[in-house]
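These features come from TrEMBL:
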type    : residues                       : note
BINDING : ARG107                         : pyridoxal 5'-phosphate binding site
BINDING : ARG129, SER130, GLN137, ARG345 : substrate binding site
BINDING : ARG303                         : tRNA binding site
MOD_RES : LYS316                         : N6-(pyridoxal phosphate)lysine
Amino acid sequence: KKSPSFKTVLGTLGFNWTNQIQGGGARFLYSLKPAKRPDTSAHAQILPLLARYSERLAHVQERDVDVCPKGKCPEDGWDESTLELFLHELAIMDSNNFLGNCGVGEREGRVASALVARRHYRFIHGIGRSGDISAVQPKAAGSSLLNKITNSLVLDIIKLAGVHTVTNCFVVPMATGMSLTLCFLTLRHKRPKAKYIIWPRIDQKSCFKSMITAGFEPVVIENVLEGDELRTDLKAVEAKVQELGPDYVLCVHSTTSCFAPRVPDRLEELAVICANYGIPHIVNNAYGVQSSKCMHLIQQGARVGRIDAFVQSLDKNFMVPVGGAIIAGFNDSFIQEISKMYPGRASASPTLDVLITLLSLGSNGYKKLLKERK
């Protein structure tokens, strides 16, 4: 939407402003045409400025084309003005931002405060549909595209960080604990007899409560002291699987990063145990994307055994506000099942935050941060 004042200014300079929708609303084309009798002096003065503006629009659209089909994070980060123009282009594809729109009903994205609308870049509809958080919402083409692009960029970054064979992921507007719960609830339908989750101990409440909230009984496996480190007791894990019976174990719930003196679980060996007994394996990778060691463990575990899904925090790994996580895995259909388990639509705020961050940093900027951390 262009303000009337902007059109008025152009009119006084002898130009008519028009816009056209191309590709079913996927792109707005802006054109400036001289009026029949322009003021010659004003016309001459404004032409160079319009030429620069046209070049700017063309530059942004080239970047749009580069990001959207490839689904990869740009190598170099975008400046803020380019980012804002890109976000506004997406936002005008949502029905609540159509010219002449009259919102009727709860799905029309009505917002009372202009400040709230600006805070969210006018992405009011959220993401997903009632049956799937990853589904396309017909009335919110821009928000849906925002969601798809973000998931693609995040997948690219996960591969860049070391898990090269990951096949699918999605951003969920819940922190790590509730995202783990969503994974456990999805497994419930696949393993109806299961009552227990085997969990090598970590003294952190969120991951413990995630199992209880899902309705399962955590079976805590104490760690063993090796030198000055607390390590996974693999013999105790396997013995407990045999004692309870594989059919009654929902999954093994392992952890990559934690607080000293505990070190990451032996993911490769746990993945082999899970594969041998046909038990799912969910990994709490809350801090792990920023750690090459943690990502290597996940990649190796998937290579030699079984890892069904791994969950990481957005704020810990992408420096955005608290309230989002990424659920990723190596089986595309299982990750889709998890996304369909989420009830209702969802907030787009965590998705928008991580998209802005990744486009601002670019893959080179993120790699630089990983190198500095290491």
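Cβ coordinates are placed from backbone N, Cα and C, and glycine is handled just like the others.
Keep in mind it's a predicted model, so treat the numbers as computed, not measured.
Summarising the substrate site geometry, the residues cited as binding it (ARG129, SER130, GLN137, ARG345) extend over a maximum Cα to Cα distance of 9 Å. It is ARG345 that, of the binding-site residues ARG129, ARG303, ARG345, has its Cβ surrounded by the most other Cβ atoms within 10 Å. Fewest other C-beta atoms within 10 Å: among the binding-site residues SER130, GLN137, that description fits SER130. The separation of LYS316 (N6-(pyridoxal phosphate)lysine) from GLN137 (substrate binding site), Cα to Cα, is 29 Å. Counting in whole angstrom, ARG303 (tRNA binding site) lies 34 from ARG345 (substrate binding site) by their C-alpha atoms.
For LYS316 (N6-(pyridoxal phosphate)lysine), the same-chain residues 6+ apart in sequence whose C-beta sits under 8 angstroms from its C-beta are ALA286, TYR287, GLN290.
Cβ proximity to the substrate site centre (mean Cβ of ARG129, SER130, GLN137, ARG345, cutoff 8 Å) flags the following additional same-chain residues: GLY126, ILE127, GLY128, GLY131, ASP132, ALA135, GLY344.
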